[in-house]
Structure formats: structure tokens, C-alpha cells
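Asks: So that we are looking at the same thing, I have put the structure below in C-alpha cells.
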Amino acid sequence: MKIEEKHAGSGSLVGKTQLPLGEKHQANDKPEANGKAQVSPKQEADGNGDTPRKSLNLYSWQEIQRHNQETDQWLVINRKVYDVTSWADRHPGGRRVLNHYAGEDATDVFRAMHLEIDIARLYLKPLLIGELAPGEPSQERNKNAQLVEDFQELRRTLEAMNMFSANLGFFSLHLIQILILEALAWLMLWHFGNGWPITICISFLLTISQAQSSFLQHDTGHLSIFKKSKWNHLMHRFVMCHLKGLSVKWWNHRHFQHHTKPNIYPKDPDIDVGPLFLVGDLQPIKDIVWVSSFYIRYFITFGPFYGIFGTVLLIYLVKFLESPWIACVTQMSHIPMKMSREENRDWLSTQVLATCNVEQSFFNDWFTGHLNFQIEHHLFPTMPRHNYQKVAPLVRSLCAKHGLQYVNKPILKAFGDIVRSLKKSAALWMDAYYET
């Protein structure tokens with residue numbers, strides 16, 4: 001028996017096809033297959049594994065693009081249309097990430113940001129409302145279909161090359177480096193006392209430890225170490241909260257928006273210099289506990305040498321020294337690049353136009369946490385960073401094929417470009433000020 005369904009939204013329909021049947025939901029809203037339909041891996045990868053099916057609405061891009069508001073959000077992934085309005089507040093990456101792609105094709109960003117793609121698709125199934133009509137292109141008409149296909153082919157090639165598999169030895173050594181630096185700081189205090197020369201020395205040791213912890217938390221936050229998301233999340237809490245004393249919720253809220261729409265105002269919070277601190281919902285208690293463990297550890301470790309007040313000063317001295325390091329590393333690849341309002345470009349163009357690389361060397365890799373390969377990182381956020389150098393030639397070749405400028409510069413020039421870009425922005429503000 002054929003069952004027909006009309007979506008409750010205001011959208012006009014272009015036609016009908018079919019939608020999956022035989023799906024039930026758990027109490028926590030996670031969809032669960034009932035085991036009656038078998039889907040091949042290729043079907044699932046292509047987004048065509050929805051069998052058996054019932055009648056499904058067909059939509060044009062003109063209709064989909066009208067659903068781009070916070071209270072009405074539709075996405076297209078592998079030609080399937082999803083109404084994510086009710087799901088947005090529960091989205092682990094934050095509701096704003098979904099809103100940034102409302103009314104657009106989100107196929108590449110969906111694949112780029114999710115590690116366990118099959119689990120992510122389970123959450124999508126109950127949100128499926130239709131698909132693109134047969135005459136509609138797979139992405140908006142302003143996008144270069146050949147470029148999109150070439151990029152997707154590149155990703156499939158890199159997956160076949162195991163470029164998304166991490167070397168756990170690499171990341172273990174990185175963590176050991178951090179722990180050794182902290183242990184060395186304590187041993188120096190224990191052996192030599194807390195005089196000014198020793199305090200200055202351990203401050204630099206702890207600054208290096210904190211900066212390298214920033215890079216490691218960045219790896220875990222992007223799910224690029226372990227094959228299971230839950231282990232990455234746990235490690236992220238340990239590094240970000242316990243080793244650095246910062247909130248993973250705060251980082252997730254801002255950083256995922258930055259990755260989906262880099263240098264696009266007002267969607268990228270990294271270029272929105274509004275309030276000093278951006279806070280959303282109340283942080284969960286467990287996050288506060290994790291962050292508190294950082295301060296408890298510091299007071300236990302350094303309190304006997306400096307007392308409470310002295311330990312607080314040490315913490316903020318280390319943060320003060322670390323800040324320019326991290327600011328230069330994170331901003332050298334973005335501030336000098338194109339900034340604009342939403343232009344609805346394809347994934348490859350969006351990332352390449354807003355990012356640049358810094359020349360590779362052992363020191364540059366270490367000093368930047370491999371964020372000198374910012375282009376590759378933005379295109380493939382879940383890729384382990386030790387593989388960026390291997391895929392860079394392929395990315396450069398693809399950019400050359402489609403006329404996209406692949407910017408790669410010396411590290412000192414990259415740091416200088418930050419100052420030059422800020423100076424240019426200041427000049428524009430001064431001109432606007434005097435004109436008024």
C-alpha cells in the first residue's frame with residue numbers, strides 16, 4: 001500500500017517520491033533502526049540507503065532557500081531535505097551552526113564536521129521531509145558543480161589513503177611533553193626554591209606547556225585522535241578543563257561557528273569583536289567541576305611555594321605570556337584574508353578564501369601545533385594534524401585547477417601581516433571618524 005504524506009510547512013511541492021518506513025525512536029529521541037531493512041555501505045555513503053520508502057515531497061532550491069530563518073531552518077544533505085528547526089537547540093555543535101547553513105546545501109560541511117557519520121545520519125532520519133526535485137542540481141545554482149564534485153572526490157581519495165586515521169604515538173608524545181614540562185617546573189621549585197630567577201624560568205616552562213595544551217585540546221575538540229567521539233570528548237575535557245582551566249562548552253560554541261563560516265560576518269564569532277566574553281546557556285555543573293580541577297591542581301602544586309595569592313599571580317602571568325603566542329598562531333591565517341558577509345560559496349572556496357598557510361618546518365609545526373597548515377585543517381577538521389603535510393600537495397593542485405589562490409607564506413611575514421591588516425582596519429575607522 002502506498003502512503004502519501006504532505007509536509008506541514010508552507011512550502012510548495014514540485015512532486016513526490018518516497019521516504020523510509022520502519023523506523024522507531026528511543027525515549028531520548030535517538031532514532032533506532034528496527035532491523036528490517038538492510039542498507040549497503042555504498043548506499044549509506046551516497047545518501048541513497050533509505051529503503052523501503054513511502055511518498056516523499058520534492059522541492060526546488062527556490063523553495064528551500066526561503067527556509068533560512070532561526071525559527072524555520074531547512075538543510076540539504078546529499079540531495080535530501082531536512083527540517084532541523086526543532087533539532088537546533090539539541091545539536092551538539094550548537095544551534096547557530098545549523099542556522100548558518102539554513103536554506104543551503106550542507107553536504108560538505110556535514111561530512112567535514114562529523115566523525116561517526118553513520119550515527120549522525122541516525123539523528124537526521126526523523127528530520128527528513130523531502131528531497132530535491134529531479135531537475136534540480138545537487139547544490140545551489142551559483143556554485144560550481146564541477147568544483148564541488150572534484151572536492152568530494154578528493155575527500156574520498158584521502159579516506160582511501162587512511163589520511164583520517166591518527167597515529168596515537170604522535171599524540172601520546174605530545175601529551176608526555178606537556179606533563180614533563182609541568183613536572184619539571186615543580187621539581188625546579190622543590191630543588192632550588194621560589195626565587196625570582198626560578199619563578200621566571202618556570203613561568204616560561206608553564207607557558208610552553210599551556211600553549212602546547214591549547215594545540216592538543218584543539219585536536220581532541222575536532223575529534224581527530226580517537227575513532228570514537230566519546231573518547232575524544234573525554235580527552236577534550238581533560239586537556240581543556242583540567243590542564244588549561246577553560247570551558248569546552250565555550251570553545252565548542254565559538255569554534256564550530258568559526259569553522260563553518262570563517263571570516264564571514266556576523267556568523268564567525270572570531271571576527272566579531274563585541275563583548276569581551278560571550279556566554280550562552282548556563283554551563284553544566286560537570287564542566288565547572290572539570291575547570292575547577294585546574295585551579296585545585298595549581299594550588300596543590302604551587303601553593304606550598306607561593307601561597308594562595310602568589311599562585312593566582314603565577315596562573316595569570318602564565319596566561320599573560322601564552323596569550324600573544326596563541327593569538328599570533330590563530331590569527332596569522334585569517335585576519336589578512338578575505339572578510340565578507342554571507343556569499344553562499346561552496347565549502348572549498350569558503351575555506352580557501354578565508355585561510356592561508358605558513359611554510360612547513362619542524363619548528364613551525366611545533367610552534368603552531370600544525371596550524372601552519374590552516375587550509376588543510378579547515379577543509380578536513382577531523383583529520384589528524386600529522387597528515388596535513390601529506391595532503392597539502394593534493395589540495396594545492398585542486399585549488400590551481402579551479403583558479404583558487406593557495407596562499408603559503410614565511411612565518412615572520414605571516415606575523416607581520418597581522419599588524420599590517422590591523423593597521424589597515426584602523427585607518428578605515430579613522431577615515432570614517434573624520435568624515436563624520
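Each residue, glycine too, has its Cβ placed from N, Cα and C.
So TrEMBL lists the following for this protein:
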| type | residues | note |
| --- | --- | --- |
| REGION | 1-54 | region 'Disordered' |
| COMPBIAS | 22-33 | compositional bias 'Basic and acidic residues' |
| DOMAIN | 56-133 | domain 'Cytochrome b5 heme-binding' |
| TRANSMEM | 164-189 | transmembrane segment |
| TRANSMEM | 195-216 | transmembrane segment |
| TRANSMEM | 295-318 | transmembrane segment |
Asks: Sequence-remote contacts (6 or more beyond its ends) of the transmembrane segment (195-216), Cβ cut-off under 8 Å?
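Replies: Residues 171, 174-175, 177-178, 181-182, 184-185, 188-189, 239, 243-244, 314, 317-319, 321-322, 325-326, 368-371 contact the transmembrane segment (195-216) from elsewhere in the chain.
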Asks: Please list the DSSP helix, strand and coil residue counts for the domain 'Cytochrome b5 heme-binding' (56-133).
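Replies: Computed counts for the domain 'Cytochrome b5 heme-binding' (56-133) are 31 helix, 23 strand, 24 coil.
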Asks: Across the domain 'Cytochrome b5 heme-binding' (56-133), what is the average pLDDT of the model, as a whole number?
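Replies: Averaged over the domain 'Cytochrome b5 heme-binding' (56-133), per-residue pLDDT gives 93.
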